[in-house]
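Straight from TrEMBL, the features:
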type     : residues : note
DOMAIN   : 20-260   : domain 'G-protein coupled receptors family 1 profile'
TRANSMEM : 6-31     : transmembrane segment
TRANSMEM : 38-66    : transmembrane segment
TRANSMEM : 72-95    : transmembrane segment
TRANSMEM : 116-138  : transmembrane segment
TRANSMEM : 158-177  : transmembrane segment
TRANSMEM : 209-228  : transmembrane segment
TRANSMEM : 240-262  : transmembrane segment
Amino acid sequence: LALNPWDVVLCILGTIISCENAIVVVVIFYTPAFRAPMFLLIGSLATADLLAGVGLILHFAFVYFIPSEAVSLLTVGLLVTSFTASVCSLLTITIDRYLSLYNALTYYSERTVTRTYIMLILTWGASICYGLLPVMGWNCLKEPSACSIVKPLTKNHLIILSVSFLAVFAAMLQLYVQICRIVCRHAQQIAVQRHLLASSHYVTTRKGIATLAVILGTFASCWLPFAVYGLLGDYSYPALYTYATLLPATYNSMLNPVIYAFRNQEIQKVLWAVCCGCFSSALPFRSHSPSDV
């Protein structure tokens with residue numbers, strides 16, 4: 001096959017994504033202090049994005065060096081599983097943030113840990129089921145007219161994935177609106193109790209809203225173009241359109257470590273300690289709620 005520049009770019013992005021998220025996974029896995037629910041969810045997100053990066057690299061390698069329909073199905077299944085798990089992990093993080101604010105008094109309880117494990121099981125269970133569909137026979141290799149914009153996924157399969165992504169975005173939007181209301185109300189109450197100036201309350205509220213806008217804006221700009229094109233596009237359309245919408249979707253996996261992991265102060269401490277050669281699993285940490293992540 002002639003080398004497609006788009007595939008080269010996706011492979012390079014896959015390498016960057018893999019390196020970034022591998023750092024997050026290793027830090028969380030080897031640091032005993034990172035066993036709180038919020039870190040488990042961040043670890044799930046990083047694992048999903050790591051697999052997505054590996055999937056992009058394998059897809060490039062197998063397409064150009066070991067062309068095979070069976071291998072193609074496996075790599076596509078891995079990509080579907082990983083990207084679905086990444087999007088679902090973003091939703092679980094949003095749910096955890098909302099509950100940490102809505103039920104602040106009971107958040108640090110055993111029930112929260114149980115709920116976290118249930119969300120992780122549901123996230124990865126559903127993602128693996130989505131990814132297994134092409135491997136188990138729901139593909140368009142024998143019926144090209146049933147193909148979607150992403151071969152060998154069928155049109156119906158991609159429609160289900162696109163609708164699922166749009167539903168996740170709608171749920172995240174609703175939850176972050178509620179989070180924004182809670183944060184504004186808490187900031188106002190604290191300002192009144194401490195007799196702070198109105199400008200202080202305004203700055204705190206604006207900072208919180210800006211953070212939520214960045215999170216939602218990043219997710220929407222990365223995934224909505226591909227989700228919408230997955231619903232409206234046809235396999236007969238030029239491949240350029242698919243690459244142009246799929247490329248921003250991969251950016252989400254590259255930006256997730258920056259937004260959800262590297263901004264966290266505890267993870268920053270561990271990374272600085274590792275860089276300085278003074279890593280210790282007993283490093284002091286202060287407890288944070290997910291809303292601080």
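Cβ atoms are placed via backbone N, Cα and C, with glycine included.
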Test the contact criterion for the transmembrane segment (6-31) and the transmembrane segment (240-262): 3 or more CB pairs under 8 Å, pairs 6 or more apart in sequence, then answer yes or no. yes
Do any residues, 6 or more residues outside the transmembrane segment (72-95), come within under 8 Å Cβ-to-Cβ of it, and if so which ones? 38, 41-42, 44-45, 47-52, 54-56, 58-59, 62-63, 116, 119-120, 122-124, 126-128, 130-135, 139, 141, 150, 152-153, 161, 164-165, 168, 171-172, 175-176, 179, 219, 223, 249, 252-253, 256, 260, 290, 293
Return yes if the transmembrane segment (38-66) and the transmembrane segment (240-262) have at least 3 CB pairs under 8 Å (sequence gap of 6 or more), otherwise no. yes
Average model confidence [pLDDT] within the domain 'G-protein coupled receptors family 1 profile' (20-260): 86
